[in-house]
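A short worksheet on the structure shown next.
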Amino acid sequence: MKLSYLPSEFQKALPVLEKIKAAGFEAYFVGGSVRDALLNRPIHDVDIASSSYPEETKQIFERTVDIGIEHGTVLVLENGGEYEVTTFRTEDVYVDYRRPSSVSFVRSLEEDLKRRDFTVNAFALNENAEVIDKFNGLADLDNRVLRAVGKAEERFNEDALRIMRGLRFAASLDFDIEEKTFEAMTSHAFLLEKISIERSFIEFDKLLLAPHWKKGIKALLATKAYQYLPDFQETAEEWQSFVADYAEDFRFTSSEQAWAATLLALKHDNPRSFLKKWKTSVNFQKTVQSLIEIFRFRMEREVTKQDVYHYGKDLLKEAETLRQAQRLDVDYERIAELDGQLLIHDKHEIVVNGGKLMKELGFKPGPDLGRTLKAIENAIVDGKLANDEESIMAFVQAMKQV
């Protein structure tokens, strides 16, 4: 098969291919970028595979960086871009169900493509826009099927993370998982316990943000892979409710929103503790926790000025979007209106600080000063006190007389 044209992302990288070929080696575009070109999807990273060994690649180009030379990868800086050029290779026995014990460089493209995970990721593309398809990936692409390259059991036993990648591809591409591939994913799902939490997080996060995330969750449920992810041992009913709760075409707008929705559906009592186990950042944990808090109090009451001040309008709107996707009442206008009424959005905007109160009104550092500053802040947020020095000092004087 031949593409009708070579997309601009490949055209920009074409000089790299041409230089490698001029030096007497083979070179092709490979991986997800070729798949995405065939599906008319946006192309991101352009990867190149070559029969040239790393040292040979480095001799061809003036500017290179060793970014994974032990695995055959050299970063080539050419034509204003950065391109990973990886030597054709085969892989030895895998250790820890994730990494090969060693790699061997080879001169055969087919040997290199054999080690890929799925047939739709095992294409190569030459400089003439001709697609090399050794494993009937084009047929799978036409039929929207996700199929492992070769024996599925071997692929997942080599690298258990491919199970999560498969679920993610089903969600991002809207592909059905081929029967034998699905069976192998199910029978090898227990190996996910061997995979680092950080890598599992990346794949599950991409699944949640995919356009067809519901398909990915359904496959996660069907393969029972969720049972081998940290703290995801909920019942099938809770996972099914997660899918059912949201409108069919709803897409999450951020990772934080997606994880908040997940934890709400699964009824986790301690989101911060859960997210720590997934080794997420403190800021990520705080944002997810805040979204969950907002969603829960919105089931009981309206948004207040204090809510807008504490959480910020953007986070409130993000939580409101989850309500909208669940067909619940929303009030974006109220959030915007209250935000417009706020005299301050941060306590540092208050014109009187603790130093001034100590200097002019005799306050000492301690709980009394802290309570007074908090009272000032709350009164300004509630619109009961103007944010000017005269009003604030009078407010404090009145407090002291009570």
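Every residue, even glycine, has its Cβ placed from backbone N, Cα and C.
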Review point. In Swiss-Prot, G32, R35, D159, R162, R165, R168 are given as binding ATP, so which of R63, R116 is in that site too?
Key: R116
Check your understanding: Taking the binding-site residues one at a time (D45, D47, D159), which has its Cβ surrounded by the most other Cβ atoms within 10 Å?
Key -> D159
Check your understanding: Counting distance between Cα atoms, which of the binding-site residues G32, R35, R116, D159 is nearest D47 (Mg(2+) binding site)?
Key -> G32
Practice item. Give the three-state DSSP assignment (helix, strand or coil) for D47 (Mg(2+) binding site). Key: strand
Point to revise | Recorded CTP binding residues, G32, R35, R116, D159, R162, R165, R168 - maximal Cα separation rounded to whole Å | key: 21
Revision key, fill the gap. Row R35 (CTP binding site), column other C-beta within 10 angstroms, all chains, value 22
